[in-house]
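S.K.: Would you mind keeping the following structure in view while I ask a few things?
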Amino acid sequence: MEIRSTTDKDLDVFVDTVHAAFGRFPETPVEGGGLWWSALEMDRCLLALTADGRPVGTAAEHPFELTLPGEAIVPVAGVTAVGVLPSHRRQGVLSTMMRHQLTALRARGDFLSVLLASEAPIYGRFGYGPATYTQRLTVPRRQAALAVRRARTAAGAPVAGSDNDSVEVLRRAECGEILEEVYDRYRRAQPGALSRPHRWWALRAGQPPISPEPRYVAVHRDADGVPDGYASYSIGESNTLTVDETIATDDAVFTALARFVLGHDLVSQVVFKHVPPGHPLRWQLADFRAGQVSDDMDWLWVRLLDIPQALTARGWFTDGELVLDVDDPFLGEHGRYLLTVREGKADCIPTDREPDLSLDVRDLGSVYLGGTAPSTLVRAGHIRAHHPSAATLADALFRADRPPHCLHWF
Ligand SMILES: CC(C)(COP(=O)(O)OP(=O)(O)OC[C@H]1O[C@@H](n2cnc3c(N)ncnc32)[C@H](O)[C@@H]1OP(=O)(O)O)[C@@H](O)C(=O)NCCC(=O)NCCS
């Protein structure tokens, strides 16, 4: 089998093959864009070909930025469009493509790759671990009251999300650059969030509110009229108001947008499609049981390609030392690293000291953004703690400034 990079000339065959792998037919272009694959960059796509040159597999990656704990922003490869024709499955095509892709990413200097998994059992073997999580929160309209006072400063003046702010409802088509700008401000401060390159907004590639499906957008502005949050929504069957995403540059803005959608007339329930687990909104509802959680699932999977570079790139919040013994069975590698954190920065060097923790690189991916406690993976039998305090120390070290969350679909 041959794996080769594609060029613009391969777009049709690439798109045909990936759709056939998913059992779908390619969408026909519509006015206003909205085709997810229009954002593909063909020099970042791979085709797997049989000996007689027939395409049977695809994989691609997007150049994104990922926000790490401590507001560190780093480049990542966002792996996507992974598929193998149903006639050629379980013959190692994906494994060959993954090896090719990971090797190429490393050679290019990438130290992290990320993806969204269609099925959870696929990617652990390639060194990816689930690292951010998301939930759907449904609130019946009759239980939608918030028990949260409008915020004021000590001097009594309104602060963000309070009286002097405003919410304006626009149609998606009227939003101009507002959503792109607000999303960009939000993602720079949110660990686990990915950039949405301008190209995606310009092509309207992806899911609402990027794509051109009709949506209303509640745009929140601060007291100076500057947009600092939005909720993109539609009202559908049974008068359910569904919010695609609530993007807010701080918690008070989120509350103001939630107050707006929860107060919408002629609505039976409000569904927030993407809320980070543990979000304060549930605690703000006057009736704690009003917020029904469903579709609690993994979102971003993370793969470390260069462990010292990845560990020194993020911010840290507790001083300490930890020796990590890391296995990378897919790439046939093993390393032992001394991680030393002082005043928010880490050093990570090879060591032959006795390890505190032994773990697979996919588990390191899971704990990397602070969304999965190492102690959970110790209790699950994934990570081996070599002494009783190792898991507690690892929990304290890997914690993030706020829980990581990603809602970008790619
Ligand atoms: C997922 C997919 C790409 C796998 O391709 P493939 O060429 O069959 O994978 P491989 O033959 O390299 O499989 C490698 C290993 O992963 C396992 N595996 C692959 N896909 C799996 C799945 N969906 N569920 C569980 N295990 C899976 C294989 O059994 C094999 O295990 P083994 O090494 O123990 O024998 C292919 O089934 C596909 O195209 N599915 C539909 C599209 C899709 O879901 N794409 C992923 C998008 S995120």
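In case you wondered, yes, glycine gets a Cβ from its N, Cα and C as well.
Bear in mind that TrEMBL entries carry predicted annotations, made automatically and left uncurated.
Pulled the feature table from TrEMBL, pasting it below:
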DOMAIN    1-155  domain 'N-acetyltransferase'
BINDING   V82, G83, V84, R90, Q91, G92, V93, L94, S95, S118, E119  acetyl-CoA binding site
ACT_SITE  Y123  active site, proton donor
ACT_SITE  F410  active site, proton acceptor
S.K.: Specify the count of other C-beta atoms within 10 Å of the C-beta of S95 (acetyl-CoA binding site).
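M.R.: S95 (acetyl-CoA binding site): 12 neighbouring Cβ atoms within 10 Å.
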S.K.: What is the maximum Cα to Cα distance, in Å and rounded to a whole number, among the residues V82, G83, V84, R90, Q91, G92, V93, L94, S95, S118, E119 annotated as binding acetyl-CoA?
M.R.: 19
S.K.: Reduced to three states, what secondary structure does DSSP give V82 (acetyl-CoA binding site)?
M.R.: strand
S.K.: By a 10 A CB contact count over all chains shown, which of the binding-site residues listed here is most packed: V84, Q91, E119?
M.R.: V84
S.K.: Counting every protein chain present, what is the number of Cβ atoms, excluding its own, within 10 Å of the Cβ of F410 (active site, proton acceptor)?
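M.R.: If we count other Cβ atoms within 10 Å of F410 (active site, proton acceptor), we arrive at 22.
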S.K.: Tell me the Cα distance separating Y123 (active site, proton donor) from V84 (acetyl-CoA binding site), rounded to the nearest angstrom.
M.R.: 14
S.K.: Taking just the CA atoms, what is the gap between F410 (active site, proton acceptor) and V93 (acetyl-CoA binding site) in Å?
M.R.: 22
S.K.: Around Y123 (active site, proton donor), how many other C-beta atoms are within 10 angstroms of its C-beta?
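M.R.: Excluding its own Cβ, the number within 10 Å is 23.
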S.K.: At the level of the C-alpha atoms, what whole-angstrom distance separates V82 (acetyl-CoA binding site) and Y123 (active site, proton donor)?
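M.R.: Given the Cα positions, V82 (acetyl-CoA binding site) is 11 Å from Y123 (active site, proton donor).
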S.K.: If one looks at the chain holding V93 (acetyl-CoA binding site), which residues at least 6 apart in sequence have a CB under 8 angstroms from its CB?
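M.R.: Non-local contacts for V93 (acetyl-CoA binding site): M1, A48, V56, G57, V84.
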